[in-house]
Every structure is written in C-alpha cells, then in structure tokens.
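Enquirer: Encoded as structure tokens, here's the structure I'll be asking about.
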Amino acid sequence: MANSKYEYVKSFEVEDEVMPPNLIVVHIDGRDFRGFSEVHEFEKPNDEKALNLMNQCAMAVLEEYPDIVFSYGYGDEYSFVLKKTSKFYQRRSSKISSVIVSFFTSVYVTKWKEFFPLKELRYPPSFLSQIVCCASLEILQAYLAWRQRDCHVQNQYNTCFWELVKKGGKTEMEAQEILKYAKEQDRNELLHQQFGINYNDTLALLRQGTCIFKTEVEDIVKYNEDGTPVKRLRRKAGIFRSENIAGRRFWNAHASLLKELGNFSEDCFKTNPDYIRSFLFESKLMPSTWIVIRIDGCHFHRFADVHEFNKPNDKQALDLMNLCAVAVLEEFHDIVFCYGVSDEYSFVLKKDSQLYQSKIVSAIVSFFSSMYVMKWKDVFWKKELKYPPSFDGRAVCYPSNEILQDYLAWRQVDCHINNQYNTCFWSLVKSGKSKSEAQNYLKGTQACEKNELLLKEFGINYNTLPLMFRQGSSIFRVKRENPTLLENDASSVEKIETKIVTEHCNIIEQSFWEAHPSILN
C-alpha cells in the first residue's frame with residue numbers, strides 16, 4: 001500500500017520504553033469511585049461483593065497476560081507486576097498501561113451481573129492507570145509494603161468512621177472531627193470500647209488486601225477409559241493473603257515469585273511514600289500543543305472473526321465504535337474533535353488541557369472500553385459478547401493547527417487505502433479465491449486498478465459505497481441558535497445550544513475546517 005504525503009506526522013510519536021532492568025508495575029485506581037459506590041449503594045465501610053468483583057477482574061488479567069506474575073489489590077485499586085524479563089508490548093509504558101486497564105474495565109462491566117444480579121449498572125465505571133518503574137527488587141518490596149500499609153490505614157479509619165456514623169449516631173462531620181488526630185492505637189481502642197470490635201478479628205480481605213499469582217497445582221486434564229483421572233501440573237492463578245506481603249516469610253515461600261522476580265533478602269519495616277512515588281513513570285505532555293489520544297482495538301481481527309462481523313465492513317460494529325466515541329466526548333469536555341475508522345479512534349484535546357496529564361490515556365481508554373461492553377446489546381441485540389474486548393492507546397502532541405490537520409488527514413487517507421484494499425480483497429475471497437491468492441492478485445495494484453477490478457468483476461462502484469466506510473466518522477460539537485419564547489411575551493430570544501454531531505465527510509480539504517472554525521479556535 002502506498003504511503004501518503006502525511007506520513008511525516010509519525011515523527012511526532014515519542015517512544016516511552018521502560019528500560020530493563022527496571023521492574024514494571026501497573027497501578028490502576030478507580031476513577032471517581034466514591035461517587036460510583038454511592039450511586040450503586042455499596043455497603044459502608046466495605047462492600048464484599050464489590051471487592052470480590054475487583055479480585056475476579058484481577059484474576060482475569062493474570063489469566064489473559066502471562067507476563068503478569070503478581071498482583072495486589074484492595075478497595076478500588078490493583079497493582080500488577082510484570083516478570084523481570086518481560087518484553088510485553090516492547091515494554092512501552094502507554095501500551096502496557098492502557099491495555100491492562102482496558103481489559104480490567106471490560107471484565108468489570110462483563111462480570112457485574114454475577115456479583116450484583118439485582119443491581120443495574122447505572123453508568124460506565126472507569127479506571128486510571130500509571131506505570132511504576134521499580135529500579136530494583138528492594139524498590140518493589142517497599143512499594144508493596146507501602147500499598148499494604150495504606151490498605152490497613154484506610155480500612156481501620158473507615159471502619160471507625162462508619163461505626164461512629166451508623167451506630168454512634170454521629171454526623172459525618174462529627175466523625176471526621178473525632179478521628180482527626182486519632183492514632184492507630186486510639187482507633188483500635190475506640191472500636192473495642194465503644195462497639196465491641198476487635199480490629200484484628202475483622203476479615204483478612206478487608207485488613208490485608210488480596211494477592212493473586214500463579215502457582216503449580218495438580219489438575220485433571222482427562223480421564224482414562226476405566227474412569228481414572230489423568231493429572232498434570234499446571235500453572236493456575238490463586239488468591240493468597242498475608243499480614244506482610246513484603247516480608248521474606250511470605251514472598252520467599254513461593255517458587256514462582258522467586259523464579260520470575262527474585263527473593264527478598266531482608267524484611268521491609270519502614271517505607272517512604274515520597275521516595276517510592278519518585279519511581280512513577282511520568283510521560284510529560286508538552287504544554288500548549290494539541291494532544292491526540294489514539295486508541296486501537298487489541299487483536300480485533302480475531303475479535304471480529306469470533307463475533308462474525310461482516311467483511312470488509314460491519315456497519316453495526318462501526319456504529320458501536322461511534323456510540324462509544326460520542327459518550328467519550330460527552331464525558332470529557334476537553335475533547336474537541338474525534339475521528340474514527342474500523343477499530344481505532346483519535347481524540348483531540350484542546351491546547352490548554354490539563355486533564356489527568358500522564359493518566360489521560362488510561363482514562364479515555366478505560367471509559368471507551370466500559371461503554372463498548374455496556375452498549376454491545378444496544379447494537380448487537382442478537383449476538384452474545386463472547387469475551388471482553390480491549391484497546392490500547394497512546395498520546396501524541398502536535399504543535400500547530402496545520403500539523404494536527406495533517407495528522408487527521410493521514411488517518412483519513414489511511415481509511416480510504418485500507419477500505420479500498422479490503423473491499424477488493426473480500427470480494428475476491430467471496431468469489432472463490434483463497435486469502436493468499438487474493439493477496440497476490442492485489443499486490444502492486446494502484447487505486448485506479450482496484451476501482452476497475454471492483455466495477456468490472458463485481459459490479460461495485462467504489463465511489464457509491466457508504467461514506468462511513470470510505471471516509472470514516474468525525475464527531476464534534478456544533479453551536480446552534482434555538483429561538484425561545486419568553487413567558488407572557490410574544491418576543492423571543494436566541495439561545496445558543498451545543499450539540500454533538502457525527503458526520504462522514506472529507507476532513508482533508510480546508511473547506512471543512514473553514515465551515516467549523518470553532519473546533520480549533
């Protein structure tokens with residue numbers, strides 16, 4: 001396929017590889033989960049069903065991505081540790097972070113009804129993610145000790161707080177004031193003396209959090225003719241808990257952790273959170289530039305085959321992508337323009353945006369994934385979603401309007417080239433040629449030759465195919481005047497309304513941008 005004159009925009013993409021021997025940790029955290037838990041009426045201070053749902057999502061992540069060898073979570077957060085020799089996504093920070101948070105989110109929505117059969121999922125949950133580069137095993141040990149300490153402190157405080165509110169008759173403000181200067185021992189005594197609760201007897205799930213990693217277990221793989229089981233050792237993810245997950249006694253007792261990460265030589269008694277935070281991988285986005293977040297479906301060729309999407313284009317699948325992009329535009333007001341084709345979408349943020357900064361890719365990818373699963377039945381009401389989809393993403397900064405427009409032109413040119421090729425390819429395959437024969441037939445053909453092939457061999461005029469297939473989808477806001485009558489008055493006032501529109505049009509020509517100056521203004 002020929003390159004376009006817009007290919008130069010790829011030079012603005014910056015590699016964000018996490019260099020070895022750094023250990024890679026992906027930390028994900030619920031986005032505004034306080035509001036989410038209130039809307040969905042989670043039990044306070046802890047909702048065991050919600051915690052078990054988080055654990056099942058983490059379990060699914062470990063089963064999906066073999067490079068993840070350890071995870072730890074509590075509340076609405078989880079940390080995933082990749083093996084020290086990992087080359088997952090060439091160790092690119094944005095790709096690793098986005099694909100894991102995307103898959104986690106999709107599983108969360110998919111499994112919601114298993115844990116909350118009587119509760120409707122009222123709006124899409126989403127998560128933020130960030131990479132932590134642990135320069136040594138000792139840094140990883142300190143990181144895990146810090147997260148488990150935070151689990152304990154938060155759970156102890158929340159247990160006290162909600163006991164004071166629910167049973168002690170205090171207002172939330174009064175409970176906050178009582179606990180303002182209370183130390184750990186003070187909180188333990190408060191629980192025991194006022195409410196008869198021994199904190200150390202509360203559920204380990206709440207006090208210690210949850211570890212998930214794979215161990216070798218004996219599993220039945222088949223049965224002999226006489227009915228006796230045939231067993232083999234298999235690596236299987238399981239749930240583990242310990243009062244000190246960063247201690248030698250727990251860590252060094254598990255061969256899989258020693259093999260993939262190494263052994264802890266000493267116990268970790270003190271942690272310095274500020275020091276550990278210094279290992280956060282910060283992808284600095286250049287200020288006063290157009291930030292573009294581009295997301296792509298992961299292994300969507302397989303996903304399309306499994307879900308029997310029409311070839312070369314499935315209108316319903318494209319409609320679903322567009323619905324998700326509209327929802328993203330509604331959710332994130334800093335996004336001014338979206339362009340999508342096939343299983344990819346580009347989201348343009350306004351120049352002065354400060355939205356989430358290094359976490360913005362994960363926020364958009366996670367929300368998009370959540371919407372994709374939630375809206376599936378609205379579009380494919382006769383098709384079952386057979387497994388959770390996932391997307392990866394990256395952020396690229398473009399310094400001027402002209403270069404941004406060239407980027408979008410590049411994506412639309414790519415849309416046309418791919419669609420024209422795929423239309424020819426699948427027409428040949430459906431006519432009886434094998435896939436390899438179709439590829440060889442099209443090798444080296446020009447655009448005019450493909451158009452001629454379609455017209456002469458299959459009676460298809462390429463230029464009359466649906467615009468969505470040929471030009472992709474552009475989504476943006478338009479301002480329209482809406483006359484409103486005043487009460488008790490025959491006169492009217494012009495009210496400016498903003499509406500989100502989806503158009504399938506030529507965004508390469510300058511005339512589009514001249515017709516919509518507010519997009520880049």
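Just so it is clear, glycine is given a Cβ too, placed from its N, Cα and C backbone atoms.
Per TrEMBL, the features are:
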DOMAIN    6-134  domain 'tRNAHis guanylyltransferase catalytic'
DOMAIN    139-222  domain 'Thg1 C-terminal'
DOMAIN    274-399  domain 'tRNAHis guanylyltransferase catalytic'
DOMAIN    403-509  domain 'Thg1 C-terminal'
Enquirer: Counting each residue once, how many in the domain 'tRNAHis guanylyltransferase catalytic' (6-134) are helix, strand and coil under DSSP?
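Expert: Its residues fall into 57 helix, 31 strand, 41 coil.
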Enquirer: With DSSP, how much of the domain 'Thg1 C-terminal' (403-509) is helix, how much strand and how much coil, in residues?
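Expert: So the counts come to 56 helix, 25 strand, 26 coil.
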Enquirer: Using DSSP, break the domain 'Thg1 C-terminal' (139-222) down into helix, strand and coil residues and give each count.
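Expert: Each residue of the domain 'Thg1 C-terminal' (139-222) counted once, the result is 56 helix, 13 strand, 15 coil.
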Enquirer: Using DSSP, how many residues in the domain 'tRNAHis guanylyltransferase catalytic' (274-399) fall into helix, strand and coil?
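Expert: Across the domain 'tRNAHis guanylyltransferase catalytic' (274-399), DSSP assigns the residues as follows: 51 helix, 30 strand, 45 coil.
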